[in-house]
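Enquirer: Just dropping this structure here.
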Amino acid sequence: MLSTSSSRPFKSKFRAAFWPIYNYELGKFIPMSALMFCILFNQNILRILKDSILISEISAEIAGFAKVYCVTPAAALFVIIYAKMINHLTFEKIFYYLTAFFIGFFVLFAFVIYPNIHIFHVHPDYLADWMERYPHFKWYISLIGNWGYIVYYSLAELWPNIFYVLLFWQFANELTTTEEAKRFYTLFSLFGNSSLILVGFLMMNLSSKETIVKHFINISDSKITLVQISTILVTIVAVICCLLIRFISRNVFTNPLFYAKAKSGRSTSERMGIIKSFKYIVKSKYLWLLLICSAAFGFAINLVEAVWKAKIKELYPTVNTYAEFNSLYILWTGVAIMVMTIIGNNVMRMHNWFVAAVISPVIIMVTGVLFFVLIVFDQKILSLFDGAILMSPLALAVSIGGIQNILAKGTKYSIWDTSREMLYIPLDQELKTKGKAAVDVISAKVGKSSSGLVQSIIFTIIPTATFTSISPVLMVVFTFVCLAWIYAVRKIYFEYQKIA
């Protein structure tokens, strides 16, 4: 009897640490985990494709311009449209309409625009002539001349913030209580982000010369085939997402066991108009701090990624080789996220919210500064370790940048994302929906576009500048932004304690 009773606390602690889900909760937990898996599956295929196409077909420098002048205006427009949609449509219909729009364009690009890019784009010689005539405006000319790549990149950039950050987490926050969130959210992250490993293996094969696809079809252009097969996969998984949304809406939201409001129905209180809604949001100090945190991540990581991706293109210049390397990076990012999720789950249980939330900015700042130091002082560092480093300076820069990004994304997509979502749960319905839409969609793009704006101003003023030459300036800006992020996390923790 003694051994049996003493084993119960051990089993209880083990379950609390690794599987804090009760059997009756599986009807809610499993479909939500599957939905997150599918959304992230598509997100990471699109991430590999958008960078491989844009950077290989044009350049790494153009990405900053695209984020400032295309992605951010599109994100702002979406928030306005979404605020209108949420007043007139159910969440289920909004999800279907947005999915149809995005998938429709991706299919159009893969099967019509990309294979016939010479028809839709300005001739490269004509474009090069105009860029040579007006060097200070060459990147703006390139944006217009390569519009197909830019629109694809912009929509692929918006996918994570619309479908994952906004729609999935809004769905989860509505369905999940604060107590459940502490147990569910890290496991959502664990199962959902395992899709990165699958995507990594899958895309490595599709982008390689020895792809399994060549045993079934004749490949005339490997990059076109890569994009088309990937788009078919994205379309199939998007349909599965819609079916999961339908299942959860019909079976989980209507079950009082899973959703407390099912007995009385969802809130039917009158919603605010757009202008009144945004005035309400602007007055919220809480949302402003959330916006700073989200924008700081986008700003900081984009500074590091911009330099790193320029180095990747030097080492892997074609669409397929770039995609193959990107797939390997995504795979290891998935592994890092799963490890960090397990760590984060226990950190969140054993410590307060601030300890868990501050891990991401600290790791990103430390690893980012190390990467910039390597880029800025590469020759001096290599001379210090003469003969000890068995790779070229370029390969070393790509490898260190990859490690930095894997650790940064690993902590962000596991510990920080789950910590951030807990901040929305105590808020009222208006801030949970429209407030979340404004923060999640706009803030990340404001961060990336602000970073892109810094880069675009430099490249416009100095047409001969490269990412390597401006790295010292970017390193200083990067450090300042990370410190601001840490400060905002501390301030919002005090606000969270007041309402939680």
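Cβ from N, Cα, C; glycine included.
Pulled these features from Swiss-Prot for this protein:
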type	residues	note
TRANSMEM	21-41	transmembrane segment
TRANSMEM	62-82	transmembrane segment
TRANSMEM	94-114	transmembrane segment
TRANSMEM	149-169	transmembrane segment
TRANSMEM	184-204	transmembrane segment
TRANSMEM	224-244	transmembrane segment
TRANSMEM	287-307	transmembrane segment
TRANSMEM	328-348	transmembrane segment
TRANSMEM	357-377	transmembrane segment
TRANSMEM	381-401	transmembrane segment
TRANSMEM	469-489	transmembrane segment
Enquirer: For the transmembrane segment (62-82), which partner among 94-114, 224-244, 287-307 gives the most CB pairs under 8 Å?
Expert: 287-307
Enquirer: Six or more residues beyond either end and a Cβ under 8 Å away: which residues meet both conditions relative to the transmembrane segment (328-348)?
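Expert: Contacts of the transmembrane segment (328-348) (Cβ under 8 Å, skipping residues fewer than 6 from its ends): 17-18, 44, 47-48, 182, 186-187, 189-190, 193-201, 203-204, 355-356, 359, 402, 405-407, 409-411, 413-415, 418-419.
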Enquirer: For the transmembrane segment (21-41) against the transmembrane segment (184-204), do we get 3 or more Cβ-Cβ pairs below 8 Å once near-sequence pairs (under 6 apart) are dropped?
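Expert: These two segments touch.
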Enquirer: Report, as numbers and ranges, every residue of the chain located at least six residues beyond the transmembrane segment (224-244) whose Cβ falls under 8 Å of a Cβ in that stretch; write 'none' if there are none.
Expert: 31, 34-35, 38-39, 41-42, 45-46, 48-49, 53, 95-96, 99, 102-103, 106-107, 109-111, 114-115, 163, 202-203, 206-207, 213, 217, 319-320, 323
Enquirer: Tally Cβ pairs under 8 Å between the transmembrane segment (469-489) and each listed stretch (149-169, 287-307, 357-377), then give the stretch with the top tally.
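Expert: When the Cβ pairs under 8 Å are tallied, 357-377 comes out ahead.
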